[in-house]
Structures are given as C-alpha cells and as structure tokens.
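J.: Dumping the structure here so I can ask a few things about it.
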Amino acid sequence: MPHLHESELFHAIKNPAFRRIGLMGRARTRSVTQSIGQIAQIINDMNLTLIMDVQTANLPTLNLTEIERVKIVKRSLIGEICDLVIVVGGDGSILHAAEALARYRVPVLGVNRGRLGFLADVKPDEAAFKLRQVLMGNYQLDHRFLLTMEIREGRKIIHEDMALNDVVLHAGKSVHMIDFQMKIDGHDVYRQHSDGLIVATPTGSTAYALSGGGPIIHPSMDAICLVPMHPHTLSSRPIVVSGTSEICIRIHEDNRTQPMVSADGKPSTPLDQEQRLYIRKHPDKLTLLHPPGFDFYEACRTKLHWNVHAEEFSLDVDDDIMDDE
C-alpha cells in the first residue's frame, strides 16, 4: 500500500466518483459497530453526504454526534438515493442487503468483519485508503446475477423470494431423506432420495454448495449449479446448467417428511406435495464494487488456503547424520 500521511487520507477529493454514500451493517459483534463509526467519520471528513438506514443508525453503541452531514432513511430507499453503498460485516451482511439494493444497480463495496469475506473484500484497516482510491475513480465493477424462487400451487404463487447465493431444499428438523423429482427446462432429470438439493449461483458456488462437494464457478459465468445433499445413490453428482435454465421440483407422493425451502439462509418455507418449486435467474443483478487489484483466484487462494502446505521434509540424508558416520 502506498504511504500517505494519515491526514491526506481524509482530505476532500475534487469531483469524487461518488457523492452520496450509503452505509449499512448488522451489529453481530462490537467490531462491526466500531468499523461503521470509523467509516462514517471518514466519509464526513471527506465532505461527502452520508446516508444510513434506520436499522444501522440505531445500532447500540454507535455514536453519530460528530457526523455533520448524515441523512437517515428507510432501508428500502437507500439504494434509490445513493451513488455507492458500503456494507460492513461479512458476506451474510451483503446477502442481507442484496434484496434492498439489487434492483437499483447501485454499486456495493463490502468491508469485511466476518470470516471468509468473498463478497466483502476490503479489510477494516484499509478502508480509508481503499475508499479514497474508489472515490478517485479507481475501481472495478462486478455484476452478480441472482436467483428467483417461486412456490406455486396450480397458477397461484404461494411464496416467492430471491437469492444471491443459493436456494436450498432441505428436510427441516427431520432425519428422513426427501423423495423428490426434478425437471430442467421441462425435461425430466431424475427422481432422487437425498437430504436435499442446493441450487447455487456462481457467487454461491464458494458458499454452502462448496461444502456439499460442488464445483467452484467463476463469477463471470452464466451458470447454475445443482448440488445433491447426501444422495442415496453414488451416481448422483453436481450438475452445472445454463444460467437461463428453469428448474422445477416436485415432492413425490411417497415422501415421508416435510420438505422446506430457504433462500440465502432466510427463514424456511414448507413445500407440499401438491405444490411446485420453480427456480430461475432473477431479472436484477447485484453490482459489487472492488478496489483496484481485485483477483478472484487470489481470493480463493487466500480464503480457502490453497497455498498452505504442511512442513516439507527433504528427501536428502541429513548432513549431521552423515558427519556422525
């Protein structure tokens, strides 16, 4: 990172790329609230307009008394009136914010206070420098598609939701497998006995689907991944289909448990035998903003520890042993 005097980080920027900056976060830990306060002060010191949603502004221990230019609005409005939205937390915080922001195509910058941080890729101690780079126009945009899910009974839509990562069919609290059938674009694919099915976007391929044995899919690909959860047949494997595909799932009449459906880990909804679950690409996309130098493969290496090896032992005979002989 180039060396800048601390005071230079907070100077106002002439003709910044973004002027109305939203700030969102969920206070799972004190560090999240602390970072939100620090970023709010940075934005204020740069003479930019800070916009916060009501939930974030009312977080416990968050003190905004020294912030001169702050507007507090409903969360549903923040994407409409902001040029850029900063989300503080982990990837879950960005998943939570995606529903409110995607339809406005407003760029989202994630500051990581979680664990992996595939979506929130800015470290808290780099926030001032990275934000300054972004405001000077040095950034790259990354458009991620979402999924829409509908539970239908006949022509009636019983429940609908959207997901950035995945839609998951699961057995809820039951220990029984689910018996279900799946079609893709009207074609029969299989009847399966398993603990469920993960339907993931490329973004979600590094989340729950990865732990289920699914492939990592580059976020630029137009594809959907179907990952069976503990299938009862060894031949059941993940399937990657076109991003334009429509997946239809029905519960077989021999099923013995109550299947549930969840989008991005939100509260689950039951799927009954007379209903159908439809999953396809959502018309909106979430626009992620990355500071200069973002590299998906580097993120994989770092966050999945691809380059971490056990201590390597030389195959050569130890010189000390040779000397002793």
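Every residue, even glycine, has its Cβ placed from backbone N, Cα and C.
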J.: Same NAD(+) site as Asp91, Gly92, His96, Asn165, Asp166, His193, Asp195, Thr206, Ala207, Tyr208, Ala209, Leu210, Ser211 according to Swiss-Prot: which of His143, His176, His282?
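T.: Looking through His143, His176, His282, the residue Swiss-Prot assigns to the NAD(+) site is His176.
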J.: Return the count of C-beta atoms lying within 10 angstroms of the C-beta of Leu210 (NAD(+) binding site), excluding that atom itself.
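T.: Here the count is 18.
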J.: Taking the recorded positions one at a time (Asp91, His96, His193), which has its Cβ surrounded by the most other Cβ atoms within 10 Å?
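T.: Within the set of recorded positions, the most crowded position is Asp91.
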J.: Same-chain residues six or more away whose CB lies under 8 A from the CB of Asp166 (NAD(+) binding site)?
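T.: Those within reach of Asp166 (NAD(+) binding site), by Cβ under 8 Å and sequence separation of 6 or more, are Leu147, Ile198, Val199, Ala200, Thr201, Gly204, Ala207, Tyr208, Ala209, Ala263, Asp264.
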J.: So which of the binding-site residues is most packed in, judged by how many other Cβ atoms lie within 10 Å of its Cβ, out of Thr206, Tyr208?
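T.: Neighbour-count leader: Thr206.
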J.: Using DSSP with the three-state reduction, classify Thr206 (NAD(+) binding site) as helix, strand or coil.
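T.: The three-state answer is helix.
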J.: What whole-number distance in angstrom separates the two most remote CA atoms of the NAD(+)-binding residues Asp91, Gly92, His96, Asn165, Asp166, His176, His193, Asp195, Thr206, Ala207, Tyr208, Ala209, Leu210, Ser211?
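T.: Spelled out: the longest distance between any two Cα atoms in Asp91, Gly92, His96, Asn165, Asp166, His176, His193, Asp195, Thr206, Ala207, Tyr208, Ala209, Leu210, Ser211 is 31 Å.
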J.: Among His193, Thr206, Leu210, these being the binding-site residues, pick the one whose CA is nearest to that of Asp91 (active site, proton acceptor).
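T.: Result for Asp91 (active site, proton acceptor): the nearest of the binding-site residues is Thr206.
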